[in-house]
Amino acid sequence: MALEDSHVRRAAHLARLAVSDEQASDFVEDLSRILDMVDQLQSVNTDGVSPLAHPLDATQRLRADEVTESNQRDNFQRCAPAVENGLYLVPRVVE
Amino acid sequence: MHDKTLTQLANALDSGELSSRELTEHYLQRIQQSDAMLNSFISVTADHALEQADAADQARAKGNAGFLTGLPLALKDIFCTQNIKTSCGSKMLDNFIAPFDATVVEKLKAAGTVTLGKTNMDEFAMGSSNESSYYGPVKNPWDLTAVPGGSSGGSAAAIAAGLTPAALGTDTGGSIRQPAAFCGITGLKPTYGRVSRYGIIAYASSLDQAGPMARSAEDCAHLLNAMAGHDARDSTSMARGVPDYTDTLSAPLSGLKIGLPQEYFGEGLDPDVEKAVREAVSVYESLGATVREVSLPHTHYAIPAYYVIAPAEASSNLSRFDGVRFGHRCDNPSDLIDLYKRSRAEGFGEEVQRRILIGTHTLSEGFFDAYYTKAQKVRRLIRQDFLDAFEDVDVLMGPASPTPAFDLGANKDPVSMYLQDIYTIAVNLAGIPGISVPAGFVHGRPVGLQILGTHFAEAQLLNVAHQFQQITDWHLQRPAFAEESA
């Protein structure tokens, strides 16, 4: 599956990465080589094989629905770039 | 004292021959003297370490010391540490002070260990040479023109150079075993789910696992004792009892059935590495083990499957770095999308961006089944190869890496770098444990013997590695660097 410039630009937008035109063409080249390597997978016969998501085929355990965490807002916001009155500051979203 | 193993140092503390403060000061001094050459630490936490050392000495005086009390170690900078910077080797987290400790950090603290600092690593653990770190490459103490391996390259180099007796690493595709091999130390990747991942900055959540790195298998056994076990805060950690991994170290190996995967001795393997590994296997034969060839027929597809699954998981995990809640934020964003896009483009290095883009692309509409679902099916076949092999043999042995440490700057092309992990990556896909032990040298650079076991066979791997280290001394050899800088 050949990778096109539009694929890289779409992925960059979905992943919220600013990519210049020059970087985009470098990424097309690098990612194409990686995907060519990955395409070897297509030659494996996987008929009747189910996908493996967890190496031990384990499923999620459920825990009791109880409050176990305390409120640590100040502690957790100490590493944020900009906060005010316990809120994260970002550029205005709604005019 | 820096030529001693953790076990020897524990004995010295126990006998009163040495205090934890003396030991800690010694290592801190060594780091200060020689790490400028190696770049193996991102942060050195001297004051904090000395406080922990004094507390350990007091605990010991009161008779409250466990085996690890007062022993210094280093943490890969991927483990969250309260009030200490956790950068994950990235500009994105250059300003990040975690508000909590990872579970393994908490456990090791409770066991009384002393944290010397945080070690250098490939950015977000994505690399096999430690060259993708925002803080610059680490050098291999055996040869300063060589890489230490990656991604836990700082941990491996610091141990080899005698700057710490032990360290923690993480392994997603070989990131403990390959640097252990390149630096001539012992490193264990436990079974997926054996050690809690809580507080370890996630790369690929179905593959990541933390493990011990040290001078000997015995040292690793003591560290794993403290690290392993179920954690309610990691839903993938297994609720399964933890044995004392030191209990079985001395078990005899007569009758041990060793399998040599033919795919691990094929094209691309350096003939001198092969020779060292085969000689190590013959040491096992002298201990009464039997050896036979086995096949892991899907080995060739492990790297392609990994480079779908790991970037897919990474693209999701790394979406949390948004410039809002923590980490790097760009200047003067024009709007929220601009804030996200530029913060991430500025904060992430090239290899990380590459993997985010591959992951996002392969998970996107129209490509998901062809890449992600297909890779997960192949993953099952790869795991089945191992399960079939372990029907016939107890452990598998082979090289940890096709070559000894390569030169800094030698693998500029991403795909050629990825191919370095040919013998380690399938192990993470299968979730089984693996250990790398020193087994010789090629042109002055160490060779690692990789030993693999079935799920939860850590005790057996440590036993098998320990017995080798009872009759060989590869693991005790030190680079000239460690002596000259003494």
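The backbone N, Cα and C atoms fix where each Cβ goes, and this holds for glycine too.
Feature annotation from TrEMBL assigns domain 'Amidase' to B:22-462.
Taken from TrEMBL, the feature active site, charge relay system applies to B:K76 (among others). Residue environment of B:K76 (active site, charge relay system) contains 30 other Cβ atoms, counted within 10 Å of its Cβ in all protein chains.
What TrEMBL records for B:S151 (among others) is active site, charge relay system. The C-beta environment of B:S151 (active site, charge relay system), restricted to residues of the same chain at least 6 apart in sequence and closer than 8 Å, consists of B:G89, B:M121, B:D122, B:A125, B:M126, B:G127, B:S128, B:N130, B:T170, B:T172, B:S175, B:P179.
A coil conformation is recorded for B:S175 (active site, acyl-ester intermediate) in the three-state DSSP classification, outside any helix or strand. Per TrEMBL, the feature active site, acyl-ester intermediate maps to B:S175.
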Number of other Cβ atoms within 10 Å of the Cβ of B:S175 (active site, acyl-ester intermediate) across all protein chains: 37
Three-state secondary structure, which DSSP defines for B:K76 (active site, charge relay system): strand
Average pLDDT across the domain 'Amidase' (B:22-462), rounded to a whole number: 97
